[in-house]
Amino acid sequence: MTQDELKKAVAKAAVDYIAPRLERDSVVGVGTGSTANFFIDMLAELKNEFDGAVASSEATAERLKSHGIPVYDLNSAGELEFYVDGADETNEHLELIKGGGGALTREKIVAEVAKTFICIADESKKVGVLGEFPLPVEVIPMARSLVGREIVKLGGDPVYRDGFTTDNGNIILDIYNMDISRPIQIEERLNNIVGVVTNGLFARRPADLLLLGTSRGVESIARKDS
Ligand SMILES: O=C(CO)[C@H](O)[C@H](O)COP(=O)(O)O
């Protein structure tokens, strides 16, 4: 199977998982990226069975609206039952690296609000130790050099994502060669650097359910303590 076929399979598995659990007044949190896009396209078929969505990026909001799915501001949406999103990497504890598409801050905010965070990913994203994929950090532009120096002190190699601006008007530093064997500690240390908005480690708030697309079918992996 191609990677896109695996992404479609996990998107469908996510729709199948939430469909019987949706109420007429449900609002669904929706992530960003190519896997999330497949999910949005399939979610559209259920659009008369739930109220609407909260988007984790402008691109996702546009795609939801193009299907006629109402998009709500998170502040007026109240509680979200589900947040469905892809990932750049996941480990066995469902701790993630996200933000390859640069939407990490809004993704983290929406994930924080949701009762159940469903991660949809193809098997190429499953790793033993996080960090092969460069870890994105959203940074206030004037703090770029300061944050870069602090990241070097933590043992990482920051690279400026040239020409990219987040939906929040900030920049991204991608960290290479970082030891992420203790994800919660690294997530907190990076977030403590002045000028960092947030980083793409989802360890404090990992996924609750991983739907992993493999050549043998979609594996459903629940977080052990969730
Ligand atoms: O975190 C993300 C965007 O900020 C995406 O979920 C991540 O980059 C995976 O993308 P894709 O589904 O295209 O492989």
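The count begins at 1 with the first shown residue.
Cβ from N, Cα, C; glycine included.
The substrate binding site annotation in TrEMBL covers Thr32, Gly33, Ser34, Thr35, Asp85, Gly86, Ala87, Asp88, Lys98, Gly99, Gly100, Gly101, Lys125. Secondary structure at Asp85 (substrate binding site), taken from DSSP and collapsed to helix, strand or coil, is strand.
Annotation comment: TrEMBL describes Glu107 as active site, proton acceptor. Secondary structure from DSSP puts Glu107 (active site, proton acceptor) in a helix.
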Ser34 (substrate binding site) to Glu107 (active site, proton acceptor) - Cα separation in whole Å: 14
Sequence-distant neighbours of Gly100 (substrate binding site) in its chain (C-beta under 8 A, six or more apart): Gly33, Asp88, Phe133, Pro136, Gly200
Integer Cα-Cα distance in angstrom, Lys125 (substrate binding site) to Glu107 (active site, proton acceptor): 18
